[in-house]
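Student: Sharing a structure with you now.
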Amino acid sequence: NPYGGLVSHLRASWLSGKTRPMEYRVAQLEALGRFLDDKKQEILEATELDMGKPSFEAFFSEILLCKNELNVTLNNLCNWMKDEHVDKNLVMQLDSAFIRKDPYGVVLIIAPWNYPIHLFLVPLIGAIAAGNCAIIKPSEISKNTERLVAETLSCYLDSDCFAVVTGGVPETTRLLENKFDYIFFTGSPSVGRIVMTAAAKHLTPVTLELGGKNPCYVSDTCDVTNVARRVAWGRFFNAGQTCIAPDYLLCTIEMQEKLMPALREAITEFFGPNPRESPDFGRIVSDKQFRRLRALLGSGRVALGGQTDEAERYIAPTVLADVQPSDPAMQEEIFGPILPIVVIANMDEAIDFINARPRPLALYAFSCDSKIVNQVLERTSSGGFCGNDTLMHVTLTSLPFGGIGNSGLGKYHGKFTFDTFTHHRGCLHRNMGLETLNSPRYPPYTQQKLGLLTTTFEVKRRGTCTLL
Amino acid sequence: RPLEFRIQQLKALERMVQEKEKEILAALKADLNKSGPNAYSHELLGVLRELVRAVENLPSWAAPHPVKKDLLTLRDEAYIHYEPLGVVLVIGAWNYPFLLIMQPLIGAITAGNAVVVKPSEVSENTARVLAELLPQYLDKDLYAVVTGGAPETTELLTQRFDHILYTGNSRVGRIVMAAAAKHLTPVTLELGGKSPCYIDRDCDLAVACRRITWGKYMNCGQTCIAPDYILCHPSIQDKVVENIKETLKEFYGEDVKSSPDYGRIINQRHFKRILDLLEGQKIAFGGETDEASCFIAPTILTDVSPESKVMEEEIFGPVLPIVTVKSVEEAIEFINLREKPLALYVFSNKKQLITRVIAETSSGGMTANDVLMHAVVPGLPFGGVGQSGMGAYIGRYSFETFSHRRSCLIRDLRWEVVNKLRYPPGSMEMMHL
């Protein structure tokens, strides 16, 4: 077991109680803040090398959003850590009943390559805030960022309690043989299954942030220009390599006609006449992904874009029209700058289409009519939902971020990350006196005692006029 | 999905418990020799309480929960939308066979799910009663009972569910989670372990021992949160034994076997398993058994060695080992060397000592100066940690466990001006805005 020693070392640190005091947690979190500040330039450079991530985007997702999470956590940690007192019944009025926030112990965070800093750092913030030790396993596919994290993070965090492990599939498999007290995984559903199966051997609880095909319904009543801009922004951010990107569009044939020029205009507005020359448009992370995406271009017909360059791993912002449900682009999560449009007759057909497929991580609906947006929301299921925009629901730290079904289990962001890495322990501190109050519960059991128990323990219905 | 429908189903369950009380109690008596008032207070009362709480609170639990917005989203609607997960599987256990099916079932219905219920085949009478009664009161298209043993359950687990709640032991817990992993199904596992009970020298020993006796020998020790073993200073060990002896007489009379309030071991297999644990132990009190009726007398073992068999597995029977420790530090160390238990108990007059034990250990839940009671406080989640389980339920926690919390952000299609900041071509100056 090549990682056994490392895990033991962290577990010993955990058992020493080092990570529990609030001052320690705050110090580590502040160090993470300094990491983001000091290494900002290196992060922007590494992510650009890895996938041509535009600096603007990298700053937004890898630095700004992370600092937000850090600040929300630091501002609220004191409150989050406190015991939560709960309502008591009649017999317990003199007792103290509360929920204690216990750390789990040694946790494992496995991150993917598309937002390589953000997707390990935000979970790590919660893990540290909750008082755990952690092993971070960044993705080997974003190798420049992996190297940066492996080499520099240890200069900021306490190396007795936090460690970075690098490597690919074989290394991760060996790592997963160890017992962790929590595993947080972001990646594909197929690997999610492998992680959960490995966790089951040790009864380790997990959070899995996975993916799927995020549908985007555009109704006939909408401001076409704004819709096109917002959808294009969400689709082409990070060259489409975003788990919550709108994966495909559902609209009527008339709307498809109207959207096309609007999308063309939005793309030109964003990236200029030749997106290849724009510093604001990314590249595909690897040759393997590039070839996978290129193969999808045969679906439907290329209405916008479609140009590729293998040497640069460049795929132009592309819109495919008249895509059929059986086309390759509709068989897998796209994860690239290609937006297929599937034509449907009306909203009901769109909802049926969505519900016939695995539940996605995100779902989008655009309409000037709020009733339509609400209908789509009510009649479908997804991890999260955003009406009349894309991606934005995950930037609000007060909203939980997570999937359902194939798109994942568990949730995080803001306080939800802290709660994810916390065991909520029910505690009751009773009085040793007043023993007579307990007597109805002791044998010998009698109907009389039962009557007393029922009266004191029963929850009475609060009257019949509850208007729903 | 509609709340009215869920409330209607919950009220039907309430009627079932009230109308079929006799049948349910008879099944519990046949399975575990639970007497009427005993079975009622330990199983039915809890179910009725849970039903009333669910019906009362459903509208507020299910309502969309608005969240705090930031500068960019001030003009939008942001809230958490509670939705059912879909089809939930509830696998019950045999020790509180009615309670452990009904409570999760209530939670799953309240959250708007369809439910498949798989009662334990070991408590066969209750399983049969549930299979007969539930379809009579609940909508047959949405709620089903599956009976059977390991092969049937294995087959059932190959199906895809949207959540599985399993109550039982860690070994099968692993199997359930591994099966769930194939479908990425979230699980709640209510398992077990050895729940330690530390008795400080500074405490009212008579009261402490009465409370411990109650919790330990209830249901003949077959309670997942029963105090499994005692840790105390050698100087009070004899007094502890004396006090428990006295209390046992008070509870069950001189002849325990003839008391209607003392249960039996569920079956021969468990009877033999528990008997095995007594081998080589110093029996301070009890130890009488009768294989024919699966009777094991309330038993106390003293000066038990930490390495002995009785200290290796969850006892789940009326055998109480006492392991001596010289101090609370030693007790805490002893506890932390072992797997995290489902429950933890500490008896002391010293508030500081109790605070310390809570802070330096971990467990699913705990009670100080009593046993079991944290499980009946309405606002506390009930669940394990580590080998004793994952997830929690009861009351509002059931609703949350069986619901999907879907984040919703509804924006305006106008007001594009604010969005322009985020669109390319980007510049760092714009970013610092």
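Here the Cβ of each residue, glycine as well, is placed from N, Cα and C on the backbone.
Where the annotation comes from TrEMBL, it is an automatic prediction and has not been curated.
Note that the structure is predicted; figures quoted are calculated from it, not measured.
Residues or ranges marked as active site by TrEMBL: A:Glu209, A:Cys243. As annotated by TrEMBL, domain 'Aldehyde dehydrogenase' applies to A:19-423.
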Student: What's the CA-CA gap between A:Glu209 (active site) and A:Cys243 (active site) in angstrom, rounded?
Tutor: 9
Student: Can you tell me how many other Cβ atoms are located within 10 Å of the Cβ belonging to A:Glu209 (active site)?
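Tutor: 26, counting other Cβ atoms within 10 Å of A:Glu209 (active site).
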Student: Take the domain 'Aldehyde dehydrogenase' (A:19-423) and average the pLDDT across it for me.
Tutor: 96
Student: Which secondary structure state does DSSP assign to A:Glu209 (active site), in the simple three-class scheme?
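Tutor: SS state of A:Glu209 (active site) = strand.
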Student: Long-range neighbours only, meaning 6 or more apart in sequence with Cβ under 8 Å: which ones does A:Cys243 (active site) have?
Tutor: A:Asn114, A:Thr186, A:Glu209, A:Leu210, A:Gly211, A:Phe335, A:Leu361
